[in-house]
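**Q** What TrEMBL records for B:His72, B:Cys107, B:His110 is Cu cation binding site. Taken from TrEMBL, the feature domain 'EfeO-type cupredoxin-like' covers B:25-119. The feature signal peptide is assigned by TrEMBL to B:1-28.
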Amino acid sequence: MQDTHDNPAEGRRQFLKCMAAGAGTLWLMKSGVLQALPLSEGAGAQDSSFSFVQISDSHIGFHKAPNMDVAGTLRQSLATIRSQAIRPAFVMHTGDLTHLSKPDEFDTLAGLVQEAHIGKVFYVPGEHDVIGDNGAEFFRRFGERQQAGGWYSFDQGGVHFVGLINVLNLKAGGLGSLGEDQLAWLKNDLAGLSSETPLVVFAHMPLWSLYPQWGWGTDDSAQAMTYLRRFGSVTVLNGHIHQIQQKVEGSITFYTARSTAYPQPAPGVGSGPGPLQSVTADALHRYLGVRDVRHVRGSGALAVTEEELA
Amino acid sequence: MNAMMAFRILCALLVMTALSGIAGNASAADALPPKGAKVYQVAIHNFAFEPKTITVPTGAYVVWVNRDEEPHVVTSAGALFTPSKALDTGDTHVVTLSRPGTYTYYCSIHPMMVGTIIVK
């Protein structure tokens, strides 16, 4: 893994590339403006210093339409990761590993990840992973054990990564929640960093008000954003909604991810955010996927690629 | 409540009672409505409690039935009654409330789902 040193004298621009899944489109994000380009095979891979992959919402234990085999589709997702030409530095799973927080569901997920030999995986819990025990079993198995609350940070190739927990201590009528302790830690964790340091912040529930009527947001995310805003390049990665949605707010770009299990409806479409049951088995793979993110050395770029399951 | 529904709830309660012995959750067994008890049902449907507000007499049994494909967890705001386990499709949760008052509850994994029980 090569370290990327941020040099402001280079006058580099922040940008993100995002390939729309399977459509052969390369998205270039330049100063908050999206530009679409035709995708050439492997574009950008050569000049990246490292890459990582995001997977999400595996819901092991779910066994209904439209996916009777969520273990199978997770296995496929993991195989996709393993087949990357350039090995990702790590994988992150942005929560809802399981459907009901059951020990055998955690066992299945851990077993599939282990047999896939994909290297280091960082996890944050979804609300489905903390049922009945406030996440004790999740943190015992998958926690980074940096802080009592389960949140953590690490550095990779000059990029600072922060894993946040926003699925605990939820209040009646509320959304996701970070809580005062975690916000205080976050402020402190970022305090010593240069504004030139690229940040990647990840959590299960969207850290922006995506669709509060369906609980797609986090009550106190605005407070967290006040700590992130001074940084020149911030990427926020979430799961929870089983589809890709994006938003740009100054230097902060928000992405939600596809599920490895089943899709959910677009915000506000239909009666609620349950599984899209109308998706047929032969079309399901188009709704599932993995996200590949490459850090491009010297340019400060994070190239975000979506891959659907073939 | 028709006979089939009563039978399904009874079956669910029996399963819950059996499971509660394993899981160490003593409250489910305590919540079994005695024969002839008045039972008030709340359906969980399309990520909402129906009815959203119910008024029940002191000591009444309230039974939630999950009719969604998505699991839900019935949780009292302020922990005034025992929370449910994760309710999968068709699963039920029963509580009896012996003190008058207004009990707000929500789904702990979809907290925008909120309901109220008024005990008089």
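Glycine is treated like the rest: Cβ placed from N, Cα and C.
Can you walk me through where each of these features ends up in the structure?
**A** The local packing around B:His110 (Cu cation binding site), expressed as other Cβ atoms within 10 Å of its Cβ over all shown chains, amounts to 22.
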**Q** Write out, in the order they occur in the sequence, the residues of the chain not among B:His72, B:Cys107, B:His110 that have a C-beta within 8 Å of the mean position of the C-beta atoms of the recorded Cu cation site.
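**A** Apart from B:His72, B:Cys107, B:His110, the close residues are B:Ile44, B:Phe47, B:Glu70, B:Pro71, B:Val73, B:Val74, B:Tyr106, B:Ser108, B:Ile109, B:Pro111, B:Met113.
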**Q** By the DSSP assignment reduced to helix, strand and coil, which category contains B:His72 (Cu cation binding site)?
**A** strand
**Q** Once the chains shown are all counted, how many other Cβ atoms turn up within 10 Å of the Cβ of B:His72 (Cu cation binding site)?
**A** 25
**Q** Under 8 Å Cβ-Cβ from B:Cys107 (Cu cation binding site), six or more apart in the same chain: what's there?
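**A** The answer is B:Ile44, B:Phe47, B:His72, B:Val73, B:Val74, B:Thr75, B:Met113.
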**Q** Check the domain 'EfeO-type cupredoxin-like' (B:25-119) for me and report the mean pLDDT.
**A** 89
